[in-house]
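For reference, TrEMBL has these:
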{"type": "TRANSMEM", "residues": "26-48", "note": "transmembrane segment"}
{"type": "DOMAIN", "residues": "41-290", "note": "domain 'G-protein coupled receptors family 1 profile'"}
{"type": "TRANSMEM", "residues": "60-81", "note": "transmembrane segment"}
{"type": "TRANSMEM", "residues": "101-120", "note": "transmembrane segment"}
{"type": "TRANSMEM", "residues": "140-158", "note": "transmembrane segment"}
{"type": "TRANSMEM", "residues": "197-216", "note": "transmembrane segment"}
{"type": "TRANSMEM", "residues": "237-260", "note": "transmembrane segment"}
{"type": "TRANSMEM", "residues": "272-292", "note": "transmembrane segment"}
Amino acid sequence: MEPGNDTKTSHFLLLGFSEEARLQPFLFGVFLSMYLVTMLGNLLIIVATISDSLFQMPMYFFLSNLSFVDICFISTTVPKMLVNLQTHSKAITYEGCLTQIYFFELFAVTDIFLLTVMAYDRFVAICHPLHYTVIMNPQFCGLLVLVSWVISILNSFLHTLLVLRVSFCTDVEISHFFCEFILVVHLACSDTFLNDMVTYFAVVLVGGGTLSGILYSYSKIVSSICAISSVQGKYKAFSTCASHLSVVSLFYSTSVGVYLSSASKQNSHSRVVASVMYSIVTPMLNPFIYSLKNKDIKRALQKFLRGKE
C-alpha cells in the first residue's frame with residue numbers, strides 16, 4: 001500500500017491469534033465448537049419460549065429477544081475469525097471492517113439494553129407484584145424492546161460515521177480478532193479528538209446509564225427480599241432473578257475487563273482474552289444459565305426434545 005493519507009484503506013490485518021500459529025488448528029476447533037453450541041443453545045431457548053403458551057410472560061419475551069441478539073452478536077465476529085484461522089489469512093477488507101464495527105456495536109448495545117430491561121422486569125415482579133400485569137403489559141414490553149433497538153441502531157450508525165471521517169496511512173494492523181471500534185480509530189493518521197470525545201460520552205451514557213439502572217433495580221429487589229419474613233419466600237423471590245443476575249455479572253465483568261486492559265497498548269493479549277469472554281463465552285453460556293436455573297425452561301426443553309425423538 002502506498003504511504004499517504006488514504007481514507008479508502010483497502011484492508012486491515014487482524015492479528016488477534018497470529019502469535020499462536022501452531023495452535024491455530026486447535027483454536028479453529030474450539031471456536032467452531034463454541035459457535036455451534038451457542039447457535040444451538042440460543043435457538044432452543046427461542047423455540048422453547050415461543051412454542052409453549054406457558055411462556056407468554058414478559059420475562060420470557062425478553063429472554064427470547066436476548067437469545068436472538070446473542071446469535072447475531074456472535075455471528076458478527078466468529079465466522080470471519082474461523083475463515084481467517086482456516087485459511088491462515090489475517091486480512092479483512094475496509095468495507096468488511098466497517099460492517100463488523102456497525103453490527104458489533106449494534107448487537108452489543110442491544111444486549112446491554114435488554115439486560116437492563118430484564119432487570120426492570122424483575123424489579124416490577126418482585127417489588128410491585130400486584131401491579132405487574134398492568135405495568136408490564138404487552139404494548140409496554142414491545143415498546144421497551146423497540147426503544148432498545150432504535151437507540152442501538154443510532155449508536156452504531158454514529159460510531160460507523162466516526163470511522164468514516166478519519167483517514168488511515170500505512171499502519172493497518174489491529175491487535176485483535178475483529179475490528180473493534182476503538183482500536184480501528186486509534187490507527188488513524190488524522191485527528192481523532194472528536195471520535196474520542198463521542199466514544200467516551202457514549203460509554204458513560206449507555207454503559208453507565210444501563211449499569212446504574214441495573215444496580216438500582218437490584219438494590220430495590222434486595223431490599224424487598226430482605227423484608228420477606230419466610231425463608232421459603234425469600235428463596236422463591238431470589239430464584240426468579242438468579243439467572244438474570246448471573247448473566248449480568250458475567251457480561252459486565254468481562255466487558256469492563258476489555259476497557260481496563262485497553263489502558264496499555266502492550267496489554268493486547270489481555271484485551272483479546274477479555275473480548276473472547278464477553279463476546280463469545282457469554283452468549284454461549286446464557287442458554288445454560290437460564291435453562292439450569294429455570295425449571296420451566298428445563299421442562300419446556302425436555303418436552304420439545306422428546307417431541308423431536
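Note that Cβ sites are derived from N, Cα and C of the backbone, with glycine treated the same way.
Among 26-48, 60-81, 101-120, 140-158, 197-216, 26-48 has the largest number of CB pairs under 8 A with the transmembrane segment (272-292). Residues belonging to the domain 'G-protein coupled receptors family 1 profile' (41-290) score a mean pLDDT of 85 in the model. Counting only same-chain residues 6+ beyond the ends of the transmembrane segment (26-48), those with a CB under 8 A from a CB of the stretch are 17, 20, 55, 63-64, 67-68, 70-71, 74, 78-79, 81-82, 85-86, 280-281, 283-284, 286-288, 290-291, 297, 300-301, 304.
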